[in-house]
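Features of the protein shown, as given by TrEMBL:
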TRANSMEM  5-21  transmembrane segment
DOMAIN    23-287  domain 'NADH:quinone oxidoreductase/Mrp antiporter transmembrane'
TRANSMEM  56-76  transmembrane segment
TRANSMEM  96-115  transmembrane segment
TRANSMEM  152-171  transmembrane segment
TRANSMEM  178-196  transmembrane segment
TRANSMEM  202-219  transmembrane segment
TRANSMEM  240-261  transmembrane segment
TRANSMEM  281-304  transmembrane segment
DOMAIN    290-342  domain 'NADH dehydrogenase subunit 2 C-terminal'
TRANSMEM  325-343  transmembrane segment
Amino acid sequence: MNPQAKLIFISSLLLGTTIVISSNHWITAWAGLEINTLAILPLISKSHHPRAIEAATKYFLTQATASALLLFSSMTNAWHTGQWDITQMTHPTSCLILTSALAMKLGLVPFHFWFPEVLQGSPLITGLLLSTAMKLPPITLLYMTAQSLNPTVLTGMAILSAALGGWMGLNQTQVRKILAFSSISHLGWMAIVLVYNPKLTLLNFYLYTLMTSAIFLTLNSTNTTKLSTLMTSWTKAPALSAMLMLTLLSLAGLPPLTGFLPKWLIIQELTKQEMTPAATIIALLSLLGLFFYLRLAYCATITLPPHSTNHMKQWHTNKPVPSSIAILTVLSTTLLPLSPMISPTI
């Protein structure tokens, strides 16, 4: 892709995200979301492969539907209350339509079907943008309207997301699809606590972004997209593979790694809100995710493929690890001791 074109698309992404985050009127928020959608489409389809074109088409159709629903919900609310302010979303039907629209934007169950397909058809760096940066504007809108949303609907969607994200990731062999189902599962954790403590949702999103960025950049540097290539990538960069294993376990939420922090705080908050059954269910469902993270970690470092003679070993490279990956992987595994500093502010 032409560097100037890429610069325009990345700038448009930043502009769209900034407009959504800083707006307090529904029309400007909608315009920001549309700029974001249009800017990411060329980045998805830049390889001109039929699967990439299919992914871009699916992404465009789902995001256009979600934007139309968002506009419809804000117009319905304005019609009933005379308010276009984002924080003044008070009409119950509007809130329900808004929840559906933002769930579709994010890929929450039951609007998740597009996300694994789109991620599978995208390059790894575009996949990283789809999993992290493109989720920030809808999560910001959820944060701003949190006090108006229906807790029962969100809890139901969250538990279903954690269940399906874990369940459907079990038999995948494509790394991008596994990371897509991982994203759906993590969105469940964010959604369940949104009404009770929106700051915890944001903390979970920031830490999820940190860990996912580390994983996508590592996979991009070793050029890995399937489990079979992940199995032989350890010969190329052993230290990087070892850190990838730790980052994957952190994403699974194992103590004493960074990923344990949001899960611990969310379960604590749910227990305070007398939602112990929901906390127990979502904690048990995270074991499904743990299984496929362990499978990825096992493939990354601990195993050779059974038919190793048929696999070309990759040459060991003495190329230094990029500093961005080094910083992200260290942060993804060592931030748990900061929890006493974070807990009082949440």
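Any Cβ shown, glycine's included, is placed from N, Cα and C.
A contact between the transmembrane segment (281-304) and the transmembrane segment (152-171) is present, since 3 or more of their C-beta pairs, 6 or more residues apart, lie under 8 Å. Against the transmembrane segment (152-171), stretch 178-196 has more CB pairs under 8 A than any other of 5-21, 178-196, 202-219.
Counted over residue pairs 6 or more apart, the CB atoms of the transmembrane segment (325-343) and the transmembrane segment (202-219) come under 8 Å in at least three pairs, which marks the two as touching. Residues 106-109, 112, 115-116, 119-120, 127, 131, 135, 139, 142-143, 146-147, 149, 151, 154-155, 157-166, 168-169, 172, 204-205, 208, 212, 215-216, 251, 262-263, 266, 269-270, 273, 275, 278, 282, 285-286, 288-289, 292-293, 296 of the same chain lie 6 or more positions beyond the ends of the transmembrane segment (178-196) yet place their CB under 8 Å from a CB of it. Across the residues of the domain 'NADH dehydrogenase subunit 2 C-terminal' (290-342), the predicted structure has a mean pLDDT of 80.
Residues of the same chain lying 6 or more positions beyond the ends of the transmembrane segment (56-76) and with a Cβ under 8 Å from any Cβ of it are 26-27, 29-30, 33-34, 37, 40-41, 44-45, 84, 89, 91, 93-95, 97-98, 100-102, 104-105, 111, 114, 117-118, 121, 130.
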